[in-house]
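Novice: Pasting in a structure now, in structure tokens, and then I'll have a few things to ask.
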């Protein structure tokens, strides 16, 4: 006749270990060392039971942290490149006001920010409200840029962060830049308060060169 099979539950094992450790009513350092053993056993049990989950969580958190660091570094580098290129554009074009616009969220383009500017701000724009302006994707400037073409106008200024007319602007010229995903990501724009400006052929050359560099940094 086979002997009856005896099984132990995890709780039986746990209480058995605790009974062995604390049955002699030890105090002081002995008790502290035994408590440390219990804590260590508890941690080991959790790791053994949920080891895969903890490891996956650790990998995910490390990846997210790494991605955030990379994104911050990329953003800082892009802003530095944008300011550098804008200074070249502003001086070369002899514009009165120049700006680099950047769309967000990435590849969705719901809002536009001025991330760098040179020259005198138009009277309708406040330095405190250069970001978060909604993008109207039906505007001529946006649709022209989507096709990779440059845009110029003496009356329509799609991305200026204001709903008020800006009569002091007599002319604007802009070109798009595309990010590494080849998605329209923003514009480089020059404005003139006076009637005279250099030729569009020259502006096209100035703007296109800066747009290529910004695209590689974005």
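A Cβ is built for glycine as well, from the same backbone N, Cα and C atoms used for every other residue.
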Novice: Per Swiss-Prot, which of 35-49, 50-64, 65-79 is transmembrane segment?
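Specialist: When 35-49, 50-64, 65-79 are checked in Swiss-Prot, transmembrane segment belongs to 35-49.
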Novice: Taking all residues of the topological domain 'Cytoplasmic' (1-34) together, what is their mean pLDDT?
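Specialist: Per the prediction, mean pLDDT sits at 60 for the topological domain 'Cytoplasmic' (1-34).
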Novice: Secondary structure at residue 207 (disulfide bond) (DSSP, helix/strand/coil)?
Specialist: helix
